[in-house]
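S.K.: Input: one structure, supplied below.
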């Protein structure tokens, strides 16, 4: 026998995505590809797409958490752009980050200037003073 063939060779391990290795849901491979194709720099390190995917996943989870709370407050089970708008504008840090962003169909925050509200009557205070 010539010793060739497939006996005794190591079986190739099952492929594991970089996202699963990092414990992320966002696609590390796709982020890496987009960083390379985007002409941001000549070279892209191995850790950069993992870090960026983790940051994007965290921000998305944070916004969806707050939007889900806004939807629940409005007794709705589906998140709509209005809920995203309320979630972002009511959170100080997210509002600062996304200050210049317009959300389609988001509406505005309910706000009435204090000057426009009806004045409280002070009839009982004057009666006590006399």
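Using N, Cα and C of the backbone, Cβ positions are placed for all residues, glycine too.
What Swiss-Prot shows for this protein is this:
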- 1-22: region 'Disordered' (REGION)
- 2: phosphoserine (MOD_RES)
- 4: symmetric dimethylarginine (MOD_RES)
- 6: N6-(2-hydroxyisobutyryl)lysine (MOD_RES)
- 7-19: compositional bias 'Basic residues' (COMPBIAS)
- 10: N6-lactoyllysine (MOD_RES)
- 10: N6-(2-hydroxyisobutyryl)lysine (MOD_RES)
- 14: N6-(beta-hydroxybutyryl)lysine (MOD_RES)
- 14: ubiquitin cross-link (CROSSLNK)
- 16: ubiquitin cross-link (CROSSLNK)
- 37: N6-(beta-hydroxybutyryl)lysine (MOD_RES)
- 75: N6-(2-hydroxyisobutyryl)lysine (MOD_RES)
- 96: N6-succinyllysine (MOD_RES)
- 96: N6-glutaryllysine (MOD_RES)
- 119: N6-(2-hydroxyisobutyryl)lysine (MOD_RES)
- 120: ubiquitin cross-link (CROSSLNK)
- 126: N6-crotonyllysine (MOD_RES)
S.K.: Taking the Cβ of residue 96 (N6-succinyllysine) as the centre, count every other Cβ atom within 10 Å, in any protein chain shown.
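M.R.: Residue 96 (N6-succinyllysine) is surrounded by 8 other Cβ atoms within 10 Å.
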S.K.: I'm trying to understand the geometry here, so how far is the Cα atom of residue 75 (N6-(2-hydroxyisobutyryl)lysine) from the Cα atom of residue 96 (N6-succinyllysine), in Å to the nearest whole number?
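M.R.: Between the alpha carbons of residue 75 (N6-(2-hydroxyisobutyryl)lysine) and residue 96 (N6-succinyllysine) there are 27 Å.
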S.K.: Taking only the modified residues 37, 96, 119, which one has a CA atom nearest to the CA atom of residue 16 (ubiquitin cross-link)?
M.R.: 37
S.K.: May I ask which of the modified residues 10, 14, 37 is closest to residue 119 (N6-(2-hydroxyisobutyryl)lysine) if we compare their C-alpha atoms?
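M.R.: Minimum Cα distance from residue 119 (N6-(2-hydroxyisobutyryl)lysine) across 10, 14, 37 lands on 37.
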S.K.: Counting across all protein chains present, how many other Cβ atoms fall within 10 Å of the Cβ of residue 14 (N6-(beta-hydroxybutyryl)lysine)?
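M.R.: Around residue 14 (N6-(beta-hydroxybutyryl)lysine), other Cβ atoms within 10 Å: 5.
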S.K.: Neighbour count, 10 Å Cβ-Cβ cut-off, for residue 37 (N6-(beta-hydroxybutyryl)lysine): what number do you get?
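M.R.: A 10 Å sphere around the Cβ of residue 37 (N6-(beta-hydroxybutyryl)lysine) contains 8 other Cβ atoms.
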S.K.: By DSSP, what is the split of the compositional bias 'Basic residues' (7-19) into helix, strand and coil residues?
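M.R.: The compositional bias 'Basic residues' (7-19) comes out at 2 helix, 0 strand, 11 coil.
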